[in-house]
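For reference, the structure is listed below as structure tokens.
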């Protein structure tokens, strides 16, 4: 029997202090006063509109991302969350996360965020190395980063640090030094991911070079060892947590759960009662969004795209992929992908068992090659 998956809420705040050269996320540099009150008002209207699509499900997690959400006043964040809570569709033990730039944070921010219901803080540190921070065009220094961590830990024990490796000119020793500093700070969660330079970025246009792939691979391998030794469990390709501190919002994405996306440039995935999945794409033009034109497009995901998107997410996790889970979340029988599965097994990417599939070490290391099999 087909059942609707859990559903989350993603809220996009598009403004930033500065557009970093490597960033391909949708954002605006805030050169003028941000129209906070108006934006919050339209976020709530956008939210109201999407509620008609979710079939009375409760929202299990909320993630406020960007951009730089911590640019908004604390009262704006509070008004936003209060407006959402009024609908009374929020799960009792909901995880509410906010992304934050160390440059924009003070102790008072964390207190007021917590009072608003936020119980998880994700700090975009990226690196503690001042030289590297300048290279990747971040707006803060290593002292700002440490201060943000110290202040956040006074308020919450549910702290994520975002760190990148493979930065331009970065050595193995420098990458591991970042990790060692992060581990000493003892956050509950560390996201340790490789910098990739996407085509629509300033770094791509400038032909900025990252370290050789062998050096980057060694960063990953040695970083894995450091994190494991320090008590962090790797549960996803770039995610490591202490016991019981996995990011529930991201886990919902990776388990192919549903999510509403509200805000300028956001997108959503919402499963219908008949098993079909629709995608919502919101307007990227801030002026249009603030005039009530929220939707850019809504479309139904094709059967083949549904399969690819499912595996693109679940293959990131370090756990078995149960065949029952595939059926329940795609409304497709596994016999439809039997040929694809056999090719993946022959290539050494997957192991087949009676009730599940396992990705091999080779499958994780060559994830793109594994995913290409499910495009056919």
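Numbers run from 1 along the shown chain.
Cβ atoms here come from the backbone N, Cα and C positions, even for glycine.
Residue 10 (S-adenosyl-L-methionine 1 binding site) falls within a strand when secondary structure is assigned with DSSP. When other Cβ atoms within 10 Å of the Cβ of residue 10 (S-adenosyl-L-methionine 1 binding site) are tallied across all protein chains shown, the result is 21. The annotation S-adenosyl-L-methionine 1 binding site is assigned in Swiss-Prot to 10, 66, 99.
In three-state terms derived from DSSP, residue 16 ([4Fe-4S] cluster binding site) belongs to an extended strand segment. Counting Cβ atoms from all protein chains shown, residue 16 ([4Fe-4S] cluster binding site) has 20 others lying within 10 Å of its own Cβ. The [4Fe-4S] cluster binding site annotation in Swiss-Prot covers 16, 20, 23.
In the three-state DSSP classification, residue 162 (S-adenosyl-L-methionine 2 binding site) falls within a strand. The feature S-adenosyl-L-methionine 2 binding site is assigned by Swiss-Prot to 67, 68, 126, 138, 162, with similarity to another entry given as support.
The domain 'Radical SAM core' feature in Swiss-Prot is assigned to 1-233; the stated evidence is sequence analysis.
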Subject >> Reduced DSSP assignment, residue 67 (S-adenosyl-L-methionine 2 binding site) >> reply: coil
**OP:** List the Cα distance (Å, whole number) between residue 10 (S-adenosyl-L-methionine 1 binding site) and residue 67 (S-adenosyl-L-methionine 2 binding site).
**Re:** 13
Subject >> Spatial separation of residue 162 (S-adenosyl-L-methionine 2 binding site) from residue 99 (S-adenosyl-L-methionine 1 binding site) - C-alpha basis, Å >> reply: 10
Subject >> Number of Cβ atoms other than its own within 10 Å, given for residue 162 (S-adenosyl-L-methionine 2 binding site) >> reply: 19
